[in-house]
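Colleague: The structure that follows is given in the form of structure tokens.
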């Protein structure tokens, strides 16, 4: 079985007013086998009430919104739950597919 390559890029700093915000994604590159579960980690620091997003960019395509923390939907099999206690917004999918190969961006506003 050929591994599916899932790339992760970090959007590091966004500033609003005087409060500094930051998102971090520990994995810069992630390879998983087709059919295997995948989890892309996103941790954040923010002193207010965060709005978190996952964006995806497929090869030769524009950046598109995948998920927002308020939607609680499953899009293309992906889900993400906002955990304020752990300050995380991890993107998960139970079974990776070849078409999931893309760049994934976690963003904070």
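Each Cβ is built from the backbone N, Cα and C atoms, and glycine gets one as well.
Not my notes, these are from Swiss-Prot:
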| type | residues | note |
| --- | --- | --- |
| DISULFID | 42-106 | disulfide bond |
| DOMAIN | 21-109 | domain 'Ig-like' |
| CARBOHYD | 43 | N-linked glycosylation site |
| SIGNAL | 1-20 | signal peptide |
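Explain the structural surroundings of these features, please.
Modeller: According to DSSP, residue 106 (disulfide bond) sits within a strand segment. Other C-beta atoms found within 10 angstroms of the C-beta of residue 106 (disulfide bond) number 26, with every protein chain shown included.
Close to residue 43 (N-linked glycosylation site) in the fold, though at least 6 residues off in sequence, lie 23, 24, 25, 26, 86, 87, 88, 89, each with a CB less than 8 Å from its CB.
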Colleague: Mean pLDDT over the domain 'Ig-like' (21-109): what is the value?
Modeller: 89
